[in-house]
Amino acid sequence: MVLMIVSGRSGSGKSVALRALEDMGFYCVDNLPIILLPNLASSLMPRNTPAAISIDVRNMPGSSEIFEKVLTKLNKKFSTRLIFLDANHNTLIQRYSETRRLHPLSGNHLSLEKAIDEENILLEPLRSRADLIINTSEMSVHQLSEMLRVRSLGTKERKLSMVFESFGFKYGLPIYADYVFDVRFLPNPHWDPKLRSMTGLDKPVVDFLKRHSEVHHFIYQTLHYLNQWLPMLENNDRSYLTIAIGCTGGKHRSVYIAEQLADYFRSRGKNVQLRHRTLEKRKE
């Protein structure tokens, strides 16, 4: 089992690194005390899932000998790698000034500069044992994520997951969606008493919508739009692209359209997920 330990100076990008590793399929735990590392790793071993653990200065043991013993113990059972993130002194000061966050050691009545210096000393045992040291001073969030992907997986490729979700406007917008398409202008099966109790998954509703040319035009133009920009989105360091399709109740039109879009991209080898928000709520 691969066990990635992520540490480094506060403000150097540990949270970004942990999110990137999580996107790569690692089971991630933030700010775990070092003495608990062996127990956690052992509990994860049956899953054979790669894990990433972040450690900051607040979780350092009282002596470097304790850390050495823990790391030696882990190396006997796991494929352990220690990544240490660093940044220049002035860069760290600038980042803290921009975010206005408190340094973890500032609570000890230290100025920001002294807290940064003190942390640097305390983290030296970790830095000295690191398999990889990354200075993030001149790196963007995307560049750090890309470097970790290449170093961890040995490839720059990561497959984008396209999530198609139908919903009803009457129940509210999905705020996490990257794109929202409103299909309330399309012919509504709700007004046909025979179709009202059905959904966009049922053949009579599907046949009803297929008979209308505007439905075909909407699907065609939406596919054209997504196909046009998908290559750039795939290269934009994202794991998910969520496309929400909304009609009034989230039962007929949006369900059918989401199904059609998902089928198209699935047939072209894309990693596709499909959700019907309103229909799932009805089952609960």
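Cβ atoms here come from the backbone N, Cα and C positions, even for glycine.
Listed in Swiss-Prot:
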- Gly8, Arg9, Ser10, Gly11, Ser12, Gly13, Lys14, Ser15: ATP binding site (BINDING)
- Asp56, Val57, Arg58, Asn59: GTP binding site (BINDING)
- 266-284: region 'RNA-binding' (REGION)
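Feature map: Swiss-Prot annotations on the structure.
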| residue | record | DSSP (3 states) |
| --- | --- | --- |
| Gly8 | ATP binding site | strand |
| Gly13 | ATP binding site | coil |
| Asp56 | GTP binding site | coil |
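Gly11 (ATP binding site) has a Cβ environment of 24 other Cβ atoms inside 10 Å. Between the C-alpha atoms of Ser10 (ATP binding site) and Val57 (GTP binding site), the distance comes to 8 Å.
The GTP site is defined by Asp56, Val57, Arg58, Asn59, and by the 8 Å test on Cβ atoms against their centroid, the other residues of the chain that qualify are Asn31, Ile55, Met60, Pro104. Here the binding-site residues are Arg9, Lys14, Arg58, and the one with the most other Cβ atoms within 10 Å of its Cβ is Arg9. Listed in sequence order, the binding-site residues from Val57, Arg58, Asn59 having a Cα within 10 Å of the Cα of Arg9 (ATP binding site) are Val57.
Listed in sequence order, Asp30, Ser54 are the same-chain residues six or more apart from Ser15 (ATP binding site) with CB atoms under 8 A from its CB. Cα proximity to Lys14 (ATP binding site) (within 10 Å) is found for the following binding-site residues from Asp56, Val57, Arg58, Asn59: Asp56.
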